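Notes follow once the structure below has been shown.
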Amino acid sequence: MLSALARPVGAALRRSFSTSAQNNAKVAVLGASGGIGQPLSLLLKNSPLVSRLTLYDIAHTPGVAADLSHIETRANVKGYLGPEQLPDCLKGCDVVVIPAGVPRKPGMTRDDLFNTNATIVATLTAACAQHCPEAMICIISNPVNSTIPITAEVFKKHGVYNPNKIFGVTTLDIVRANTFVAELKGLDPARVNVPVIGGHAGKTIIPLISQCTPKVDFPQDQLATLTGRIQEAGTEVVKAKAGAGSATLSMAYAGARFVFSLVDAMNGKEGVIECSFVQSKETECTYFSTPLLLGKKGLEKNLGIGKITPFEEKMIAEAIPELKASIKKGEDFVKNMK
């Protein structure tokens, strides 16, 4: 009975994550044994888009890989343990996803993670620059507002920087905005799309409710409350987990969604749009998240901010100083590395 139930669910999951024909994407997850890494690896293993899944961490990866390898989907899974095995994990990869790092605990901001996670991201991206310089790099490790500039500076140091292939995964902000708007309006969240621009921390998270499809209207007080909830949704989860972690399952879902969109676009699917924190000329910040048209070579076209309301304009103006500081902090970290 259970197996009869499980198969349609598995098929539905696969369909929900991709509409493309089968492909042969080689994907690596760095930080695969962690709270985000394990469920993210499960979702990637479940996708017909992925033919090879290589998992890296400093502990437990052989076990995670063995467990996932028993799942009856086509992706071949292999685990790699410790720095000496990292080069083999990365060779030949098309996409590298990096959720590695320490999670937030109650009372911590994403920025409090900087010192630990900056070193981890710099080390891992240096290996990517050496062993898979052409791969798409998707950074989940917080603070994304600083870890993307770190990644870019590391790739520049190695002479292989391509701004169209480095993405800060902010998809969870869009997923949350879609969910919260759908809850308030009684809509199917799968049919709601709210662009979220800016960055990926606190007030730098700017949901453009005015651009939501389908169109929705909220009184100003409700709009302010909704915006605040989207901005602080990560903290909501950290508090609810009471010291036992941060948003891992929803982040894994959002990370998988972004990877599948990217792979679909790399396969030639047209009209694939996702928001992501990338190098940008849309504002005075050198990095900024906006809707992006994805293509075979990564970022095909930045679709920009579009028409916005005075309320949204004000949020952008207030976010820019914080974003600039976070970006500079990341860039300075790499410049000062020994």
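Backbone N, Cα and C define each Cβ position, glycine as well.
The transit peptide feature in Swiss-Prot is assigned to 1-24. Summarising the annotation, Swiss-Prot assigns NAD(+) binding site to Gly31, Ala32, Ser33, Gly34, Gly35, Ile36, Gly37, Asp57, Asn117, Ile140, Ser141, Asn142, Met251. Marked as O-linked glycosylation site by Swiss-Prot on the basis of experimental evidence: Ser33. If you look up Swiss-Prot, you'll see Lys91, Lys215, Lys301, Lys328 (among others) marked as N6-succinyllysine, on the strength of similarity to another entry. Marked as N6-acetyllysine by Swiss-Prot on the basis of similarity to another entry: Lys91, Lys215, Lys301, Lys328, Lys329, Lys335 (among others). As annotated by Swiss-Prot, substrate binding site applies to Arg104, Arg110, Asn142, Arg176, with the evidence given as sequence analysis. Summarising the annotation, Swiss-Prot assigns active site, proton acceptor to His200. According to Swiss-Prot, the feature phosphoserine maps to Ser246 (among others), an assignment based on a large-scale study or a structure entry. Per Swiss-Prot, the feature N6-malonyllysine maps to Lys329 (among others).
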Pairwise over Arg104, Arg110, Asn142, Arg176, annotated as binding substrate, what's the top Cα to Cα distance to the nearest Å?
18
Given the recorded positions Lys91, Arg104, Asn142, Lys215, state which is nearest to Gly31 (NAD(+) binding site) when distance is taken between Cα atoms.
Asn142
For Arg176 (substrate binding site), the one of His200, Met251, Lys301 that lies nearest, given that the recorded positions are compared by Cα
Met251
Reduced DSSP assignment, Asn117 (NAD(+) binding site)
helix
Under a three-state reduction of DSSP output, how is Lys301 (N6-acetyllysine) classified: helix, strand, or coil?
strand
For the recorded positions Lys91, Arg176, Lys328, the largest set of other C-beta atoms within 10 Å encircles the C-beta of Arg176
Let me know the DSSP-derived helix, strand or coil state of Lys215 (N6-succinyllysine), please.
coil
